[in-house]
Amino acid sequence: MAGGRIRARIRRSHLYTFACLRARSTENNEPHSIQGPGYSRIVHCNKSEMHQKPPLQYRSNYISTTRYNIITFLPKAFFEQFRRVANIYFLVAAICSLLSISPFSPVSMIAPLAFVLGASMAKEGVEDWRRFMQDKKVNSRKASVHKKEGIFSEKQWKDIRVGDVVKVEKDNFFPADLLLLSSSYEDGLCYVETMNLDGETNLKVKRSLEATLTLDSDDCFRDFMGMIKCEDPNPSLYTFVGNLEYDRQIYPLDPAQILLRDSKLRNTAYVYGVVIFTGHDSKVMQNSMEAPSKRSGIEKQMDHIIYLLLATLIIVSLISSAGFFYLTKTEMPRWWYLRPQQAETCYDPENAFASALCHMVAAFMLYGYLIPISLYVSIEMVKFLQALFINQDINMYDEESGVPADARTSNLNEELGQVDTILSDKTGTLTCNQMDFLKCSIAGTSYGVRASEVELAAAKQMAMELEDDGSFSMAGGCRSPEIVVTSKDRKGDKPSVKGFSFEDPRLMDGNWTKEPHTDEILLFFRILALCHTAVPELNEQTGKLTYEAESPDEGAFLIAAREFGFEYFKRTQSSVFINEKYPDTTKAVQREYKILNLLDFTSKRKRMSVILQDEEGQIFALCKGADSIIFERLAKNGRAHEEATMKHLNEYGDNGLRTLALAYKKLDEKEYMAWNNEFIKAKTAIGGDREGMLEKVSDMMEKDFILVGATAVEDKLQKGVPQCIDKLAQAGLKIWVLTGDKVETAINIGFACSLLRQEMKQIFISSTISDPFSEKAVKESILNQITNATQMIKLEKDPHAAFALIIDGKTLTYALEDDMKFQFLHLAVECASVICCRVSPKQKGLVTRLVKEGTGKTTLAVGDGANDVGMIQEADIGVGISGVEGMQAVMASDFAIAQFRFLERLLVVHGHWCYKRISQMICYFIYKNIAFGLTFFYFEAATAFSGQAIYYDWYMILFNVFLTSLPVIALGVFEQDVSSDICLQVIALRENLQQNFFA
């Protein structure tokens, strides 16, 4: 260790084989060509003072998400207020009130406008002040920054500058975008949680350059110098291009060395990094954007009503002015007591037209009470209070997570009552995203007797079909199929373990040693315990191990291995340790397995492998991955159980379970060394073909496997999902599920959650032509299927018939094209339920946009992950589920709930109440203003259209803004035409509400 320093560090030189990049001399070509537009940033490491003045001055690390500041608040807030037509009218009327012809005093016109504008601007100011305080809290966070002479001191985040060297400790957020220099692991590895960036809770692995590994303590930065040339600030989270010039050599940089602001350091004691991007230049701030502005249907209709009232005002003013013109011209000369010869211009019978114009201005102000000046601010107040009631609804509070409902915007409360179509994600939204190990197949034998929720739903459906067909009789004859469901809560059973729902006495409690394939079962358990990238953590409160895994499935495998007696408890630089417990021993046997290489899982590879050596020196390659990938990589002598395992995998998939296949092979030392030499060459190569070389060498290892078995984990439905979907369907809502599952699994889950029902007729749209070069034929085939299905629905004679549409992602790609999307939509809206399988996040957004724009009806999208953000923002109403996939969906949503089942109450109860309240409130508001305003017209008609007010100025102010507004506001906040229980029980109320009461 440099300088004779001794410190406890974990060595991991071979754990991650896609590790560090070696340097290239400046005599050779640079690793990255950093020049031209978009690649002009230069960072002097450890010399932040050079970036505080031009030409290398960059943005500070101060961030602001506020809409206003002290200077811009008044002009910008006034601009926002005068985007409303009514406010423009009252501003013009207030200015006209300064004229001598005004029927009112200026105060009586200006005061109400000032009150309304003041209230609205105060609301804007309070909301912006909250954003400012949140920004202040972030800007005031502390970070350890190198000051000088190897001394680090705390600085506030806002004071950090480009070029600063920062030390970040475990469980702290990164204050800016950093280049990773070193970590508490000697390999320069660190684990990062990016939940705030992409919504994913699984940990990412970052690794520093080999050249900077020795910068491993505070004192090392006494004389540290270097220069980074890299890309300019941009929003791409997954790309980075740059070079580090250090110690007279140039090192290429890639995203593996970049630590992004607002991500968190996990499972690593500390890291050192140099600041590259600060503040609004950081990638997370480059990605920040305001959610699209959404307006409710009532608010849009209200604009039309205001225009109608303005038209009425103009008409009444014209009538009044016409009457005044006639009376002034014909009658006023006979009214000698008014001295018409000495009259002013506004009452001059000799110039009646000019007088009428003056009267027109006065009438324009006089009848202004037809326009409800306090309507907008009253509605905002009512919606705000309605949102508080939603937030405080104890029936939408999740006791397990302690999370209540959250109306993140109050603008769309009443729109909840007008939802026509719900578009939902599946994983984490309808399901818990908590994987439970349920079944497995080992050496051709299936284990696990507990039924999945999909199996139970399928059995229930089959029993109903048999009963409907008359083939089911309680007295005898054909018997319905039976599925025995064992209970976790039986007396004497072990307490249930989260993540482990497996039940089979053949494998539990050491009974696996009595099975005929003991060696394969032992190997299966070891693969579960060894083939992963998880990190064990000891829970100090419970004293139990928890696992920080890259996926929920991987965590379930480790819990299963522990329950079977193979507990993974420790990982070091080059080894993994597990405790193996056998039935004939009272104490577990601790075994060490040396990790030689790890080939990471990616969505492209669909597999991961670990190469390790046991205590006897035998080298193994263990692999887990998608069954289609594993089966094509089996050796001829490794397929003994292929047919049986494939059968079990299909059964597991049909039962809604997520499956993986497990395989292994033995290696002799000579074979491994030859391969490892090739792998080292590939991983240390620098150039555009490096990834291709790595993939090629990995393929050399990942072949000729021997099949061991397969796993099946269940992502359980959330509590109350089937009942919720059934109620929403009864209320007339159309429900679409957009999932990445294959068709068979999606259908089974559809039955399990009541999305599909036994009496429904299913329509399948799929690409039946496999030739990729026959795109025209594929499109024609899909179009014919859509046309035939639409025709079939039209010819259906049963008025109560319900249809369900199922389509896969590949077919959906064609169905969403411009020349076919409206035919597809026409078919889909005729169906009660739609399931789109194998869809991408982009397709989710496209489908949502098509439904919203194509039907013109209110759409609601609900999801829980970062891949649902596009769909949530695209829909008229976005609902986020606060699940385990992070808060990205919640942050993008209009409403947030903890469980899908709360959606029923949100729509059926609060949607009903809010829509009724707002509708009636607006109607009463308009009524009172028209009633009050027309009294002026009647008085004018009786007084020769004299342009005089019937009421005292201040009485009119109090009448409109206070005396009659407060009762109507109370109606908008507290009115309940029916109780919540009646809303939930009488579904017809929801159907009547969708007839648009306000229209």
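Just so you know, the numbers here start at 1 and follow the chain as drawn.
Keep in mind that glycine also has a Cβ here, set from the backbone N, Cα and C atoms.
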Annotated companion of ASP425, LYS426, THR427, GLU554, PHE601, LYS624, THR739, GLY740, ASP741, ARG838, LYS844, ASN867, ASP868 at the ATP site, TrEMBL, chosen from ARG506, ARG658, ARG905:
ARG658
Can you tell which of THR427, ASN867 has the most other C-beta atoms within 10 Å, given these are the binding-site residues?
ASN867
Around PHE601 (ATP binding site), which residues of its chain at least 6 apart sit with Cβ under 8 Å of its Cβ?
THR533, GLU550, ARG607, MET608, GLY625
Between ASP425 (ATP binding site) and ASP864 (Mg(2+) binding site), find the distance joining the two CA atoms and give it rounded to the nearest Å.
8
Tally of helix, strand and coil residues over the domain 'P-type ATPase C-terminal' (890-996) according to DSSP?
77 helix, 3 strand, 27 coil
Rounded to the nearest Å, what's the C-alpha distance separating ASP864 (Mg(2+) binding site) and ARG838 (ATP binding site)? Just drop the number here, would you?
17
Cα-to-Cα gap, THR427 (ATP binding site) vs ASP868 (Mg(2+) binding site), nearest whole Å:
11
Report the listed stretch (85-101, 305-327, 954-974) having the maximum count of Cβ pairs within less than 8 Å of the transmembrane segment (352-377).
305-327
Among ASP425, ASP864, ASP868 [binding-site residues], residue with fewest other Cβ within 10 Å:
ASP425
Would you give the longest CA-CA distance, in whole angstrom, between residues of ASP425, LYS426, THR427, GLU554, PHE601, LYS624, ARG658, THR739, GLY740, ASP741, ARG838, LYS844, ASN867, ASP868, the set recorded as binding ATP?
29
Cβ under 8 Å, sequence separation of at least 6 from the ends of the transmembrane segment (305-327): give me the contacting residues as numbers and ranges.
85-86, 89, 352-353, 355-357, 359-360, 363-364, 366-368, 370-372, 922, 926, 929-930, 937, 940-941, 944-947
